[in-house]
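Below: one structure, written as structure tokens.
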Amino acid sequence: MPMNFSAKRKWTIVGFVAAITFLTPFASTILAPAIGFLAEDFSGNGEADLTMASFPISIYLLGYAVGPLFLSPLSEIYGRHIVLSSANAFFCVWLIGCALAPSLNALIVFRFLTGVGGSGCLTIGGGIIADIIPVHQRGRAITIWMLGPLIGPTIGPLIGAFVAQDIGWRWTGWIVLAASVPMVVAIAILSQETNARVLIQRKTDRLRIELNRPDLRSVYVDANAAPQSKSMVLARGLTRPLKMLFLSPLLFSLSLYIAFCYGPEQFTRSNEMFGLSHYPEDNNHFFRSDGRIPTWEEYYIGPVHGETPTVYTNAHLEGIEGSSVYPQEKQISVNSGECVRFQFSKLCEHWTSERHGLGKPPLLLLSIGGRDGRKKEMVPMDMDGYWWWLDVNAIDLGAPGEGLSIFMVTKFDGKDGRGLSKEEFLAKRGRVGMAFAGIIKWDLI
């Protein structure tokens with residue numbers, strides 16, 4: 001019986017079931033950041049509407065809702081192992097369809113079928129754990145199993161944004177498929193039937209034939225109850241979840257709560273839709289330096305409405321707080337007619353380079369190009385022990401298209417540049433050799 005499996009075998013089964021239970025919710029959201037690419041890719045078919053392009057994301061969840069209605073009763077009739085393995089294989093087959101979808105309508109259908117197959121592990125996984133894990137260990141197993149639905153939908157958009165942008169949205173399907181196939185094969189080969197009711201019924205059917213005893217019945221069958229046909233079990237499985245959902249206030253409230261938790265707006269929005277809602281009027285922030293629209297992940301990582309400046313490792317080594325860097329946008333306009341303040345702070349007021357074994361603090365310089373980029377100059381920044389700052393007229397920063405960087409002096413007149421004062425630098429500038437290391441970089445527009 002399943003409860004008699006060795007501990008190693010039990011936890012191996014739990015591990016594989018938990019892995020596939022992570023991948024199917026992961027597949028539900030990995031395509032979300034690619035909505036704009038879908039609209040662009042299928043524009044030749046007249047299907048370029050962003051609303052329609054977002055439909056493959058939500059239709060997957062509809063498959064999640066439909067699948068358990070018949071997968072659960074089927075597992076009670078034919079056993080958990082065959083139904084789960086079939087659902088997993090079904091999931092993988094339609095992942096291939098999603099990756100090769102010739103049209104948006106086909107992708108919608110394929111995503112729905114993928115969701116139906118992917119719901120198998122969520123529907124049957126809990127039953128498998130209950131079949132093989134004793135009650136006093138079941139909490140740990142359930143926790144491992146439920147990490148998938150918790151983490152999968154969150155990681156999906158994070159990876160999907162980079163995949164869709166760098167190698168194409170179709171690779172979201174191939175990546176999930178490559179990760180799923182080993183898990184599906186392992187479950188099909190290493191696992192076996194765990195439903196005690198099905199196992200005893202199979203044994204009873206075999207003994208009826210071997211012993212010629214048609215009166216034998218399974219211990220799980222009530223002799224006084226009317227016999228249940230397979231169609232009756234299936235019909236009961238189809239109607240029971242709907243009755244529980246609408247007739248139990250607790251379940252309905254919990255389902256409504258999970259619906260809001262499972263579908264944060266940023267998980268199902270394309271980069272284009274997110275960009276249009278956050279910075280529709282300022283095109284300087286709308287596009288990144290590579291021409292793409294910033295994702296919501298980039299928006300949240302940076303405290304600004306656009307791409308952040310490049311902060312090099314040297315800045316962190318010198319105790320500079322990256323989130324305090326100002327200007328906060330990577331692109332700076334030279335035609336704003338304003339005075340631009342460059343400033344940033346240390347990680348905390350107690351941080352010192354001497355305490356961290358670096359020696360005296362270095363002098364920081366802003367390298368500007370001058371008006372129209374005709375007069376390059378290194379301007380030292382002021383520092384009060386916690387903040388660095390410098391004010392420069394925007395028109396004096398350089399020409400559009402140039403880079404604007406802050407450097408630290410590493411060598412001065414052949415010696416270590418640490419501890420160099422602003423006055424000493426200005427007095428010997430242009431007359432001695434110097435070496436620099438980059439700290440922060442902006443782009444001029």
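The backbone N, Cα and C atoms fix where each Cβ goes, and this holds for glycine too.
Any TrEMBL annotation is an automated prediction that lacks curation.
Here's what TrEMBL has on this protein:
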- 12-38: transmembrane segment (TRANSMEM)
- 13-445: domain 'Major facilitator superfamily (MFS) profile' (DOMAIN)
- 50-71: transmembrane segment (TRANSMEM)
- 83-102: transmembrane segment (TRANSMEM)
- 108-130: transmembrane segment (TRANSMEM)
- 142-165: transmembrane segment (TRANSMEM)
- 171-190: transmembrane segment (TRANSMEM)
- 242-260: transmembrane segment (TRANSMEM)
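Just going by CB pairs under 8 A, the stretch in 108-130, 142-165, 171-190, 242-260 that sits most against the transmembrane segment (83-102) is 108-130. Long-range neighbours of the transmembrane segment (50-71) within the same chain, counting only residues 6 or more positions beyond its ends whose Cβ lies under 8 Å from a Cβ of the stretch, are 27-29, 31-32, 35-36, 38-39, 42, 83, 87, 98, 104, 107-108, 111-120, 122-124, 234, 237-238, 241, 262-263, 268-270, 272-273. Taking the domain 'Major facilitator superfamily (MFS) profile' (13-445) as a whole, pLDDT averages 82 in the prediction. Most Cβ pairs under 8 A with the transmembrane segment (142-165) among the ranges 12-38, 108-130, 171-190 are made by 12-38.
Sequence-distant contacts of the transmembrane segment (171-190), counting only residues of its own chain at least 6 positions beyond either end whose CB sits under 8 Å from a CB of the stretch, comprise 9, 12-13, 16-17, 19-20, 23, 26-27, 30-31, 34, 84-85, 88-89, 91-92, 95-96, 98-99, 159-160, 163-164.
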